[in-house]
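Visitor: First, the structure itself, so that you have it in front of you.
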Amino acid sequence: MPLPVALQTRLAKRGILKHLEPEPEEEIIAEDYDDDPVDYEATRIEGLPPSWYKVFDPSCGLPYYWNVETDLVSWLSPHDPNFVVTKSAKKVRNNNADAEDKSDRNLEKVDRNHEKSDRSHEKPDRSHEKADRNHEKNDRERERNYDKVDRERDRDRERERAFDKADREEGKDRRHHRREELAPYPKNKKATSRKDEELDPMDPSSYSDAPRGTWSTGLPKRNEAKTGADTTAAGPLFQQRPYPSPGAVLRANAEASRTKQQD
């Protein structure tokens, strides 16, 4: 790989490098940076009419003639008898593209109009649906009102029946109370409840959970074996002692069997 020229010169000055390579010659290429394709020299030489110019077409490499005022072109010179003026291909393409865009826009506009008309047709349908929903809502509200009225009527009937029952009970109590006030004395002494009688303070039922006894409670029973034990005591902690004698038990059993046979 060759050394750069500046480095070779520096090394040659120091005496390190004695042979200098010749500097390569740079190739110079002339280019035309003018984008104007109009050939003014050919236009002047051919003596073209005013506003006509000879132009070079870079796409095909052929010249054509261009009128700058009308923006029309021709492949032949205006002095040629077969001279025909037309629009440029680029302009024709642009016009066609514009026409296509315009037609597309028109089609889109037509489609939008159709969609708008469809929506306008759908709008009455929605209005009908809304009216149907309103009718259904009114029907439901009417049914709820009817149900509410029926419930109120049922409550009124129940209230009236309760009032009638209370009035009947009150009248019945009033008649019973009046009958008791009019009676000079109770009809039957047995009708008086035993609960109305005063309890004997010595009765176990007055100070304990023992049941209230009768006039025969605690008296010796017939054909009962005399054990000498307290028969009123009950519960798991009480045991009847002393035990009766075997003879007393046999006599009691015999007496009970005779009584059963007589019955």
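Placement of Cβ uses the backbone N, Cα and C atoms for every residue, glycine included.
Values in this document were obtained by computation on a predicted structure and should not be read as measured data.
In case it helps, Swiss-Prot gives these features for our protein:
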type: DOMAIN; residues: 46-80; note: domain 'WW'
type: REGION; residues: 94-263; note: region 'Disordered'
type: COMPBIAS; residues: 99-173; note: compositional bias 'Basic and acidic residues'
type: REGION; residues: 104-138; note: region '5 X 7 AA approximate tandem repeats of D-R-[NS]-H-E-K-S'
type: REPEAT; residues: 104-110; note: repeat '1-1'
type: REPEAT; residues: 111-117; note: repeat '1-2'
type: REPEAT; residues: 118-124; note: repeat '1-3'
type: REPEAT; residues: 125-131; note: repeat '1-4'
type: REGION; residues: 139-144; note: region '3 X 2 AA tandem repeats of [DE]-R'
type: REGION; residues: 150-161; note: region '6 X 2 AA tandem repeats of [DE]-R'
type: REGION; residues: 243-253; note: region 'Important for interaction with TXNL4A'
type: MOD_RES; residues: S245; note: phosphoserine
Visitor: Under an 8 Å Cβ to Cβ limit, what residues of the same chain, 6 or more beyond the ends of the domain 'WW' (46-80), are close to it?
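Guide: Distal contacts: 37-40, 86-88, 91.
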Visitor: Can you tell me how many other Cβ atoms are located within 10 Å of the Cβ belonging to the residue listed as 'phosphoserine'?
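Guide: I get 12 for this one.
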Visitor: How does the region '6 X 2 AA tandem repeats of [DE]-R' (150-161) divide up by DSSP, counting helix, then strand, then coil residues?
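Guide: Split into helix, strand and coil, the region '6 X 2 AA tandem repeats of [DE]-R' (150-161) gives 12 helix, 0 strand, 0 coil.
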Visitor: Please indicate, using numbers and ranges, the residues of the same chain that are 6 or more beyond the region '3 X 2 AA tandem repeats of [DE]-R' (139-144) and have a C-beta under 8 Å from a C-beta there.
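Guide: Answer is none.
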Visitor: Summarise the region 'Important for interaction with TXNL4A' (243-253) as counts of helix, strand and coil residues per DSSP.
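Guide: Residue counts for the region 'Important for interaction with TXNL4A' (243-253) by secondary structure: 8 helix, 0 strand, 3 coil.
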Visitor: What is the number of residues in the repeat '1-2' (111-117) that are helix, strand and coil, as DSSP sees it?
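Guide: The counts are 7 helix, 0 strand, 0 coil.
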Visitor: When the compositional bias 'Basic and acidic residues' (99-173) is classified with DSSP, how many of its residues are helical, how many are strand and how many are coil?
Guide: 75 helix, 0 strand, 0 coil
